[in-house]
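Trainee: Sharing a structure, written as structure tokens. Questions coming.
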Amino acid sequence: MSWGTELWDQYDNLSFHTQKGIDFLERYGHFIRDRCLIEMEYAGKLRRLVKNYQPKKKDEEEYQYSPCKAFKAMLCEVNDLAGQHEVIAENLQSDVIREINYLVKDIKEERKKLLQDSAKYVAMINNQVASLERSRKNYEKAFKEAERALDNFQRADADLNLSRAEVEKQRMNMAIKNQHCEESKTDYANQLQKTNELQSQHYKALMPEVFRQLQELDEKRIRNVRHFMAHSADVERNVFPIINKCLDGIINAANQINEKQDTILVIERYKSGFEPPGDFPFDDLSRGGESMPLIMPGGNTFVSSGIGAHRAESMTVKGTMSAGKLKKRVGLFAIFSSNKLMDVCSSVKNNLSSSGDKDDYSELPPNQRRKKILQKLDEIQAKLHQEVAAKDGLMKMKGVYESNPALGDPMSTEGQLNECSQRIDKLNSDMTRYQGLLQEVECNGSPAGSRKYESNTEHNGIGNGSTNNISSHNRLNMSIPDGRAPLGEDESLSRSASDSSVSIPAVGLNNRYPGETVSLGASRNSLANDEDTPYYDIHDLPPLGTCTALYAFEATSEGSIPMFDGEQLLIIEQDQGDGWTRVRRQPPNAEEGFVPTSYISIHSS
């Protein structure tokens, strides 16, 4: 059924109905917009909730227990849930609200155009009807005048007293009026025909077409409302799998809670390492006040002089030693105060930390003290590994500068090398000191399950992607309590300034001469004169590949070379992790230097 045939006379109602449909579509768009605001507000409150309940730094030690770990994992999952609600809001905003706004705009424009056309058609038919009415009135007036003229002529013709001239005058007037009446009649007939044709076209073609387009426009609006509702549900349904994964993550976190493991953690955290106190001795007053000695943990003794002296001042309620007593028992390290250390540091290897504070943890119980010392040893080992890697890189840079002074001054690295060596010596000294403290704790009676502190670095040396050939006797060996020496400057590096070397590349990118090195240090000539070590000039190194400059680069630092956008260069040495690649210009210039790795596109040869 069509609006054009069924509702041909309901123009005003259809206009009002289509306007109400547009208003409903806009209202639905406002609903989706408010829904997005609620989702964003909910996501923001969830994130704020997670932030408020994130563990503080002071509470990190408490979060080693499984319920706390599970709660922390749950916070992460809730944060992800907040992200999914943000995704819902963003997708509704981009896929629904924006489309609704576009649709409302298009429907309003189309409706306005159709209403303008219909108004034009209505005006046309109204004008034509008005013209027909005027023609009819003119014809009616002319007809009446013709009738009056005929009556006048008949009375004049019957009147014998009138002259012939008067009668002719009435005859001429009658003829004129009749002619005018016929003309008005003809005009009225033409206007009637024209009006009927226009009216037929108006109600059977023009207005039905307008109504048909309005009907299609309204159906389009209804169809899109259905699409928007379904798509809104799909937007929310699409995040359900991720929300379910977040909920599964919360369940998995809850399943990781282990009460037995937490009980063991509590024991490890608070265990003092002391033995339970022995029985109280019997005070025999009949022996003149003499009493049996009371043996205390740690080897301390006191003699009771009476019934009120069964417990020494240094004992706690649980029968263990107080912190003050512990400090006296291990007071051997108390002589190394910040002032006395300056006098004996030349002869004593066990120095204090860089802050100068006493950090031998002597105030802690044996078990807790051992744990703290092990943590400190792990920390020193990590720092030592970093310093050795840094010094290795500086040695390599110095060797490159010595082989090609145009790239930089070798002496510019001396200050950094000296600082690195001092830090390594300091870390080795701290390592030896804390290993001595660990030996002391374990010799005084280590608890069951104690471990020896040993750590060896990787057999391939230190550095990421380094081409250094590091011999087995120069691997990084952290000293341990079995008497091995700590890592020194001579044994900490895979090469020194006089023997730093890199592998010589062959024709391909990954092929290298096995076992052959070229010296980059100060003793390159001495290595070249050695019969077992072949010498290669650094400028004779074949390229590893080619590269293209992605951006223009102006050399502002020593050792770098400029390049322009799109320039083809030869790769001489790959990026060793510092963000720079060594390249050579195409012959005949053959200038060499370093350029940023992110500025070039590398092509393998």
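Note that Cβ sites are derived from N, Cα and C of the backbone, with glycine treated the same way.
Annotations in TrEMBL come from automatic prediction, not curation.
These came from TrEMBL, pasted as-is:
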COILED    97-156  coiled coil
COMPBIAS  459-474  compositional bias 'Low complexity'
COMPBIAS  494-503  compositional bias 'Low complexity'
DOMAIN    1-262  domain 'F-BAR'
DOMAIN    362-440  domain 'REM-1'
DOMAIN    542-605  domain 'SH3'
REGION    445-515  region 'Disordered'
Trainee: Using DSSP, tally how many residues of the domain 'REM-1' (362-440) sit in helix, strand and coil.
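Mentor: Secondary-structure breakdown of the domain 'REM-1' (362-440): 72 helix, 0 strand, 7 coil.
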Trainee: Quick one: mean pLDDT on the coiled coil (97-156)?
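Mentor: That region's mean pLDDT is 91.
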Trainee: Tally the residues of the domain 'SH3' (542-605) by DSSP class, grouping H, G and I as helix, E and B as strand, and everything else as coil.
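Mentor: For the domain 'SH3' (542-605), the helix, strand and coil counts are 3 helix, 30 strand, 31 coil.
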